[in-house]
Amino acid sequence: MAKPGRKEQATAVGSRPIEKSPAAPRRGARQHRIQFADRQRSWRRHHLSVAREALLRLKQTPVASLMTLAVLAIALALPGFLLAALGNLQALTSDWDPQPRIALYMQTELGDDAIDSFSRQLMLRDDLASVELINREKGLEDFRRYSAFADLLERFDANPLPAVIMVLPHNTDPLAMPLVRSELAALPGVDEAQLDMEWVQRLAAVLALAQRGSYVLGGLLALAVLLVVGNTVRMTIESRRDEILVSKLVGATDAWVRRPFLYSGFWFGLIGGLLAWLLVQLALLLLATPAQALADLYLNDFQLQGLGIQGSLIMLAAATLLGLSGSWLAVSRHLREIEPGDV
Amino acid sequence: MAAIRFSNVFKRYASGQDALLGVDFELASGEMAFLTGHSGAGKSTLLKLIMLMERPSRGQVWVGQQDLSSLHRSQIPYLRRQIGVVFQNHQLLFDRSVFENVALPLQISGYDPADAARRARAALDKVGLLTREKHNPVTLSTGEQQRVGIARAIVHKPKLLLADEPTGNLDPQLSEDIMRLFGQFNSIGTTVLIASHDLSLINRMRHRMLTLKHGRLVADG
């Protein structure tokens, strides 16, 4: 049914270059067009059937295929899980103010008025960017609300908490901060000055390090995936040696011979990636409850994040790409060795 | 026009063995010829050069209008699609049916599946094995396997048909049947070149005979 239609179309195209062109080349062109369309169609058909056969071939050796897929899934899940966990930690700490502040704990004997005027004096200083006073009542209220040790307060007759003034210096350089701190600590009325929030910076640094580490680990595991797929495909090539030889003898191109093996690698990557994705989601599901409990302790409205749509797609794409590359490596190394020279 | 032309062709293998020493001949289009000689005389090498399974060390080989020395590696598959080959050890694949074995060249060349099936059945019919199309070749007798190999070689109607000892393991009666089959293909215009050392059979066939001895063409006629 399609054939006459294509022929008509080809004729129409062929007749366009007006009368001048001789008849013979026009016929040649027409024929070529049809062959080209046919070739396109058979190329698509071959891709589909080869993709299907490669998938069925995995099923023919279920144990070996499952073993390979399990190795791939674990190798892919590990970096996926690490990156998801780090993503969560970063989300958790991102609301935290990373700017280092100095907390001035005021002597409890000082009255509210004295502390108030002291804080106003601090505001006049050029080297401080901001000054925030947390008076004793506010401190008590916060402690009651946020601390797990709120019960302790009932043991005291009076408010045991000192007033605190949080100051942010203009110069937050790690070397300059201690100098500002000791200067402020020496001021009359200040009981103790503490460099606060330094640990947030440290945590961020640790997280960055862990992220870098998981990239390195991910790279190594990606290499492992390449090798596993490459080796599996190499064995498939060996087991189909006769078929490759005969195909080459009856006129198969390199691309034709290569195709089934590339599809094997494709499926290994894609299915391995899907399994890895499942593993990561499962692990996160297991962690969700304890993570929620922990977040509740800190009164944080933190929610454990999965890989997300983007993360999942990246993971699947990376896995598929690794599978394809692994098989490409094996195919380009071993297929050329199988030449019908010594039949 | 010549279907095959060898011009002063030498072939020395990497091992240092000289397989062909200055071979010159022409096979006209539509001709049928036998290539004979003792084993090791260079018959297989000669056929391999035509298929570009090997390249000559010196000299030139033409297939039709094509000078094979100018053919790039990537063009070799398209040369092989114009040639049908029958091997002594038939080279059938035992992981698929007789029909699938015969249809393989068509599948590789990108034929429409329905068209390919029709042509594969026609080829099987020609060698008398249409009823066995669904069998696995391993269940067939040696003679039948060889006929499946022939069906695969002619399924795409090649202009040139090569055979390397096609009757090697067959009894005289079967051998004669096979040779008659080749004669039939030749009678419809296919150029046929058969390497064989079965002299008594060849003599009965009354076709041109090229004789190789230690890599040299010593007799032609």
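A Cβ is built for glycine as well, from the same backbone N, Cα and C atoms used for every other residue.
Averaged over the domain 'FtsX extracellular' (A:102-192), the predicted model has a pLDDT of 82. As annotated by TrEMBL, domain 'FtsX extracellular' applies to A:102-192.
The DSSP breakdown of the domain 'ABC3 transporter permease C-terminal' (A:216-334) into helical (H, G, I), extended (E, B) and coil residues amounts to 104 helix, 0 strand, 15 coil. Taken from TrEMBL, the feature domain 'ABC3 transporter permease C-terminal' covers A:216-334.
Taken from TrEMBL, the feature region 'Disordered' covers A:1-31.
Look at TrEMBL and you will find A:63-86 (among others) tagged as transmembrane segment.
The feature transmembrane segment is assigned by TrEMBL to A:215-233 (among others).
Long-range contacts of the transmembrane segment (A:266-287) within its own chain (CB-CB distance under 8 A, at least 6 residues past either end) are made by residues 51, 54-55, 58, 68-70, 72-77, 80-81, 84, 225, 229, 232-233, 304, 306-307, 312, 315-316, 318-324, 326-327. The transmembrane segment annotation in TrEMBL covers A:266-287 (among others).
Per TrEMBL, transmembrane segment is recorded for A:307-331 (among others).
A Cβ distance under 8 Å defines the sequence-distant neighbours of the transmembrane segment (A:215-233), meaning residues of its chain 6+ beyond its ends; these are 64, 68, 71-72, 75-76, 78-79, 82-83, 261, 264-265, 268-269, 272, 318-319, 322-323, 325-327, 329-331.
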